[in-house]
Amino acid sequence: MAVRSRKWMILVATIWIQAFTGTNFDFSSYSSTLKSVLGISQLQLNYLSVASDMGKAFGWCSGVFLMYFPLWVVMFMAAFFGFFGYALQWLVIKQIISLPYFLVFLLCLIAGCSITWFNTVCFVLCIRNFPSNRALALSLTISFNGVSAALYTLIANAINPKDDTLYLFLNALVPLLASCLALIPIIRQRPLQLSTYTINQDPFIFIVLNVLAVITGLYLLLLNSLSSEALRARTLLLGALILLFLPLCLPGIVCDRNWGFRTNSSLVDLSDPELHTELIEKDQSNSLNIEPFSAINKEGLFEKVMEKGRLTMLGEEHPARLLVCRWDFWLYYVAYFCGGTIGLVYSNNLGQITQSLGYNSKISAVVTLYSSFSFFGRLFSAAPDFLHGKVNFARTGWLAVALVPTPIAFFLLAVSGSEVVLHASTAMIGLSSGFVFSAAVSITSELFGPNSAGINHNILITNIPIGSLLYGLLAALVYDSNVTSSVDKNVLQEAIVCMGRDCYIQTFIFWGCISLLGLISSFLLFLRTRPAYDDHETNRNRT
């Protein structure tokens, strides 16, 4: 009983870590102030955003450290990176110290590393403690990373609603406090003991926790707009903290009452704790799943694209050298690069986008809106697992569906600059990108092997700093060109601010076309991987 309760405590601790370490989501809340204090251009500000995303390129370092150090050590190393990177930036933005632009760039890079290291710790905790329900645990915990901006807005407003520099101070301190809070259950974790009863009961508890997560997200989304006053913000913050602590009680209550729930076995494969281990024996000659050339040479160009090197079995381990030779991987890479990453870049530019449209007082509200819908998108990534047995649809197909709103949102922004369109498009992009961020870990595990997921996923997310640089550079160049050509420009201290729809309209058109490419790539990936998912489902039912 204690062992079962302890793994749920670890899951709740992982939720706390994710909820308070999504510090990259609130960049837009203080980016305009940072730009003003440093006296830099939009292009230079974009490079600072890129530096934060470049930290993801060093995510593999956390996996290496986990080979030699316990989880809690790596977690506090991540907290130290964040404390050092954000605290010094806060001193700069408060003008207590003065640093050259290059050092501020390095601080953003170090702070970005902390986010990736926290994520690695959370992924490992979920995979170790929930091998049979890995996808459910990952989608639930990763989803809470999307509420970070809303939580930080509440905390900042509870202290001083008029001080945008508080975000950097909170980014430095709050993850460290969250790590201390999560330390006890992580240290006390024991080797996992699986039983049929425990596995059968897990999906019911996940349903309860997901319902509670939806309530938390709606609470933050609907009531955050009322937090402009300090006293009201403190009351709302107390309610949010209660909702975050409530899951700590629910699993223990369910276990202690010994409820004999037997949920649909379609949520879990009892025959094998590792969800993606196939039971079909394959010939050694087919282990690489590469179709003979003669079989595809007779087909047309489209058939070649669909058949050549296609995966025929889920869960096969792919080392890095084999991974980069897979067409499926590169279709997946492009889908993420042109879908999820472009949504992240949009969130990094939200401050300037909102300001240029004349809604400067709405920046925090728009950032919170993106964060909240990113949370719901991450939460919805569990739909394939909850609907399994009722709707048998490949997870790569869900990915393609999730990418549909992104190009629609960007083209809407290009057509209209109204506040309604800004809010609706931001919600759509947040929902879409949030789904991609959460589902990607499970997709990587299914397509290229669970044991190699840590390394392979870090290879996949190298697209984030690349996309942040290219997409952000495009947006910055368009923004700065309209500053110099527009007669309607404002000077905010030493930084020049572009005003009007022309600042981003070309960017939205380009981003919309790029996201269409990501949608096409995800659809091709779905067509190529659907037979492998069908075979997996057939053999699972047979077992």
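Placement of Cβ uses the backbone N, Cα and C atoms for every residue, glycine included.
According to TrEMBL, the features are:
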type     : residues : note
DOMAIN   : 7-251    : domain 'Nodulin-like'
DOMAIN   : 316-531  : domain 'NFD4 C-terminal'
SIGNAL   : 1-21     : signal peptide
TRANSMEM : 63-88    : transmembrane segment
TRANSMEM : 100-130  : transmembrane segment
TRANSMEM : 136-159  : transmembrane segment
TRANSMEM : 166-184  : transmembrane segment
TRANSMEM : 204-223  : transmembrane segment
TRANSMEM : 235-254  : transmembrane segment
TRANSMEM : 329-347  : transmembrane segment
TRANSMEM : 359-377  : transmembrane segment
TRANSMEM : 397-415  : transmembrane segment
TRANSMEM : 427-448  : transmembrane segment
TRANSMEM : 460-479  : transmembrane segment
TRANSMEM : 508-527  : transmembrane segment
Quiz prompt | Cβ-Cβ under 8 Å with the transmembrane segment (427-448): same-chain residues at least 6 beyond its ends | solution = 123, 134-135, 138-139, 142-143, 145-146, 275-276, 311, 314-318, 323, 326, 328-329, 332, 336, 339-340, 342-344, 346-347, 369-381, 395-396, 398-399, 402-406, 408-410, 456-457, 460-461, 529
Quiz item: Near the transmembrane segment (397-415), which same-chain residues lie under 8 Å Cβ to Cβ, leaving out any that are not at least 6 residues past its ends?
Solution: 335, 339, 342-343, 377, 380-381, 383-384, 421-422, 424-426, 428-429, 431-433, 435-436, 439, 443, 504-505, 508-509, 511-513, 515-516, 518-519, 522-523, 525-526, 530
Quiz item: Looking at the stretches 100-130, 136-159, 166-184, 204-223, 329-347, which one shares the most CB pairs under 8 Å with the transmembrane segment (359-377)?
Solution: 136-159
Quiz item: Can you give the mean pLDDT for the domain 'Nodulin-like' (7-251), rounded to a whole number?
Solution: 83
Quiz item: Counting Cβ pairs under 8 Å that sit 6 or more residues apart, are there three or more between the transmembrane segment (204-223) and the transmembrane segment (460-479)?
Solution: no
Exercise. Quickly jot the same-chain residues contacting the transmembrane segment (329-347) by Cβ under 8 Å, restricted to those at least six beyond its ends, or write none.
Key: 24-25, 27-28, 49, 53, 318, 323, 353, 367, 370, 374, 396, 399-400, 402-403, 406, 426, 429-430, 432-434, 436-437, 440, 443-444, 447-448, 460-461, 463-464, 466-468, 471-472, 475, 511, 514-515, 517-519, 521-522, 524-525, 528
Quiz item: Between the stretches 100-130, 166-184, 508-527, which wins on the count of C-beta pairs under 8 angstroms to the transmembrane segment (63-88)?
Solution: 100-130
Practice problem: With a Cβ cut-off under 8 Å, give me the same-chain residues at least six positions beyond the ends of the transmembrane segment (166-184) that come close to it. | Solution: 13-14, 16-17, 19-21, 23, 26, 29-30, 72, 75-76, 78-80, 82-83, 85-87, 89-90, 93, 111, 114, 118, 152, 155-156, 159-160
